[in-house]
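Take a look at the structure below.
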Amino acid sequence: MKLGKVEFFHFLQILALFLCLSGMNQAELSRSRSKPHFQSGRTRTKRSWVWNQFFVLEEYMGTDPLYVGKLHSDVDKGDGSIKYILSGEGASSIFIIDENTGDIHATKRLDREEQAYYTLRAQALDRLTNKPVEPESEFVIKIQDINDNEPKFLDGPYTAGVPEMSPVGTSVVQVTATDADDPTYGNSARVVYSILQGQPYFSVEPKTGVIKTALPNMDREAKDQYLLVIQAKDMVGQNGGLSGTTSVTVTLTDVNDNPPRFPRRSYQYNVPESLPVASVVARIKAADADVGPNAEMEYKIVDGDGLGVFKISVDKDTQEGIITVQKELDFEAKTSYTLRIEAANMRVDPRFLSLGPFSDMTTVKIIVEDVDEPPVFTSRLYSMVVSEAAKVGTIIGTVAAHDPDASNSPVRYSIDRNTDLERYFNIDANSGVITTAKSLDRETNAVHNITVLAMESQNPAQIGRGYVAITILDINDNAPEFAMEYETTVCENAQPGQVIQKISAIDKDDPPNGHQFYFSLTAEAANNHNFTLQDNKDNTATVLTRRNGFRRQEQSVFYLPIFIVDSGSPSLSSTNTLTIRVCDCDADGIAQTCNAEAYILPAGLSTGALIAILACVLTLLVLVLLIVTMRRRKKEPLIFDEERDIRENIVRYDDEGGGEEDTEAFDMAALRNLNIIRDTKTRRDVTPEIQFLSRPTFKSIPDNVIFREFIWERLKEADVDPCAPPYDSLQTYAFEGNGSVAESLSSLDSISSNSDQNYDYLSDWGPRFKRLADMYGTGPDCLYS
């Protein structure tokens, strides 16, 4: 019976569905052997591997390997001829297979969160030939999830803010917890949120994690911060589910819900009347529980009798109202002021207008205290004028000052001499009349600015200052003169009527209508045949030649006296001499040389050059002489030592225990006894005085001056020693001490003592003591006799 196309298609669909369902329920591979089906001369073998997915639970904690599944091929007859092998992810390391039975086991603990599935390949081989009896195929081992991970807040802990006074249900922040378990398998990853701490102020949406306010009218001024603990629990919150927590710090942000209020309804402050303008009188502040911009205020004076005297401003940092004085205070004029001051918020929230006006008023009373003030002048600046011709004692003007205090103490006047160093003016101490004390000169100082001091008679420490500007009026007391030093020349080839100089004049005086000068030649020069003068009527004059043929050999310089008169009353005049030099000029009339000696001096070096050469030669000679002198003086020692010139005083001893190798190198006597007067050495660069060679003697000196004289003597020796270094040096001296009646018993000291002991017996001791006998004996051959 043949099937139609529709029936055949339905049959294929049913067959495919059956195969899929059977594959999902099997846990092993089945191999169905079918007999060969011969068709049209060729055979077709059915596929013998039917694969299923293997499933294994994660986190297996047993000691034995975990059974996963079994591989089996229909070719396997159970005689051990077939072996099974695995390859792919985790083969041999995680998953192993029994090559005889095809059983698969997991040898390690599996974690789905680390790897959700493994892809492996299976193959059946002939044990003898090691050749595959079936094609290699892939299969998957999936890790089945268990609830082994608690929810975690990856972004916690949280901080959030919400305005105070927010209505119930205002969203604050959303928290999110993640669960590493499989969200597609069971409820292991289905999280529910709850609040553990923070009720009844806040609540949390169980599914979304959105935190909201739960109470109305939460006041920041009462409590500004809340700590919430939020829990996330998986398994839809059921028992046995895992949970995690996080903290949420919620801060209530400020809104302007508190009006400013003054702590007191009135204030009183005392200020001295001498308080400088712009000084701070007081600081007041209205309390506002809000913070930031919501607490910013402005202050203003709305009423009172001190509106123009005081001003109030706000300190941006402290929000205080600063009251400052704008005018000078005067206790005698007004003793107190009253101010009505308002403080108001700069930003007002309309939602809270019902809480009352966001402003407040207070009263400030300012008491002015009396202080002893210095005298005050009737004017801050006095302007006076006086003629420079005024005689000594002329009255210039009067200043006046008074004591502004109620006592009205008398005032005495004086001039601050630091402003009148030359003492040109005097002032009457009682009346304040200023007079001249010296002759004045406007040209020296046109305006004198002096300071007048007014002192209270009862309290001289109170001194007021007034300023006086005295202008000196000009009189015509200075004659005109040349405006500058003119260097006038005339060419030898000048023609008659040629202009050689234009002159002008100046006058130190300052007439109100300006200067007007008149120029003319003096009477003795009016008829000269060389030059003439022309007044230009504009305070200038022109000098012209009267002839030609000027020659330097005949006369090289001309002196022309010019008479200048000013327009003052009375007018003053002066005679100024114009020096005119005759010069040799080029074709353009420019002077080339003006010296008559140019015709006489021979060619060669000028006089100045010769003088310079001679000066250089003399300087070199002086330097050579100085160098030679210095070298000679360096070769000669400054100290003249007679003993060193005579012989070397070297004493040698053959005896063991001898001490002194060179008695000249170190004078032991000076160190042993301070009372010995040392001989001074002779300097070659100083004229020697007459000195007597004598045996050293002792001088009796009181004990209390021993050290002083010892140091003084050594200091003088160091000062006059030409061989001493020019810099400070340390002088060290040994002091054995004195006080013994017998003084030193050393034989070395006996040379300088006045002892009467006779050492002549040393000559009888033999040649070995001859040197000592010569040194200490008194015979004619004594060394120091």
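Cβ atoms here come from the backbone N, Cα and C positions, even for glycine.
What TrEMBL says about a protein is an automatic prediction, not a curated fact.
Listed in TrEMBL:
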type	residues	note
SIGNAL	1-27	signal peptide
DOMAIN	73-153	domain 'Cadherin'
DOMAIN	154-262	domain 'Cadherin'
DOMAIN	263-377	domain 'Cadherin'
DOMAIN	378-482	domain 'Cadherin'
DOMAIN	482-599	domain 'Cadherin'
TRANSMEM	599-628	transmembrane segment
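Per-residue pLDDT, averaged along the domain 'Cadherin' (154-262), amounts to 90 for this model.
The DSSP breakdown of the domain 'Cadherin' (263-377) into helical (H, G, I), extended (E, B) and coil residues amounts to 10 helix, 54 strand, 51 coil. Applying DSSP to the domain 'Cadherin' (154-262) sorts its residues as follows: 3 helix, 45 strand, 61 coil.
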